[in-house]
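Copied from TrEMBL, the annotated features are:
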ACT_SITE  Glu147  active site, proton donor/acceptor
ACT_SITE  Glu246  active site, proton donor/acceptor
DOMAIN    21-249  domain 'Xylose isomerase-like TIM barrel'
Amino acid sequence: MRFSANISWLFPEVPDFPGRIKAASQSGFRAVEVAWPYATDRTLFKAALNTHRMSLVLLNTPPGNIEAGELGLAAVPGRQDEFRTGLNEAVSWASDLGCDRIHIMAGRVPLGLEHQFIEKEMEETFIENLQYAADILGQAGMVGLLEPINSLITEPRYFLNTPQHAASILQKVKRPNLKLQMDLYHWQIMGGNLTQNIKTYFPLIGHVQIAQIPHRNEPDSPGELNFMYLFDLLQDLGYQGYVGCEYKPQGKYNLTPNRTGKVYCTYECMHNYVAFLSHLSMPVTTYYYKCIIC
């Protein structure tokens with residue numbers, strides 16, 4: 001099991017992404033992911049990755065105009081040109097930084113419109129843009145990811161809400177380099193039944209993210225989900241990708257980077273040694289899993 005630090009969420013005490021890459025490295029992570037790095041100097045971002053020998057494993061397509069209430073453009077009718085411009089920017093960043101996965105953000109139902117009245121048009125737009133994106137990403141050797149975001153708590157107007165909807169879109173698009181991004185926080189909120197849903201959609205899963213329910217904090221904080229069980233399930237199914245730590249660190253333990261939790265291979269081979277979760281965010285804990293190499 002390999003973990004990546006989502007530096008858009010973790011290490012909030014550090015003001016910039018290069019600094020958060022350093023903090024992730026000091027905490028034992030060997031990989032990071034990020035939502036939107038585009039306001040950062042790319043040279044500085046890349047230098048931080050190289051200096052600390054970190055891999056970038058995921059980034060998102062640009063959100064559009066956040067101040068106007070946008071959160072992605074892939075399913076928004078009439079914004080195809082802007083989506084393609086943003087996709088090109090994401091691919092440029094990913095190519096330069098050695099990242100092979102891009103989360104293609106569907107976007108919100110436009111203000112003033114009701115979901116049921118524009119759903120068909122948004123789905124048609126989404127499929128059109130995904131087919132285009134899959135071709136562009138395929139040329140670059142990359143994978144595009146679709147993430148359902150819950151509409152009950154986090155994003156009431158987001159177009160793509162459930163794994164069932166995302167899987168149906170993937171079936172219609174029919175591109176092998178498009179996969180599901182499974183955020184267990186969102187999946188639990190939108191129906192739960194995680195064991196069966198993970199097994200059902202496992203062949204489509206290209207990336208995993210984690211946070212505890214209900215407050216989106218550390219996976220080992222009090223909440224609904226048993227992550228030891230879920231990690232074992234993913235490992236038993238043969239998952240070999242990254243698990244992204246995308247949650248709100250509580251920062252209540254006052255731990256230093258040298259006192260984070262650890263993950264060791266069950267066979268003590270040390271192939272899969274990483275610090276688990278965020279420094280300043282969890283009590284000292286040791287976890288054991290069979291690593292991919294063993």
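Using the three backbone atoms N, Cα and C, a Cβ is placed for every residue, glycine included.
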Inside 10 Å of the Cβ of Glu246 (active site, proton donor/acceptor), count up the other Cβ atoms and send me the figure.
23
Can you check what DSSP calls Glu147 (active site, proton donor/acceptor), collapsed to helix, strand or coil?
coil
In whole Å, how far is Glu147 (active site, proton donor/acceptor) from Glu246 (active site, proton donor/acceptor) when you measure between their Cα atoms?
13
Give me the non-local Cβ neighbours of Glu147 (active site, proton donor/acceptor): same chain, 6+ apart in sequence, Cβ-Cβ under 8 Å, ordered along the sequence.
His103, Met105, Leu160, Ala166, Leu180, Gln181, Met182, Asp183, His186, Gln209
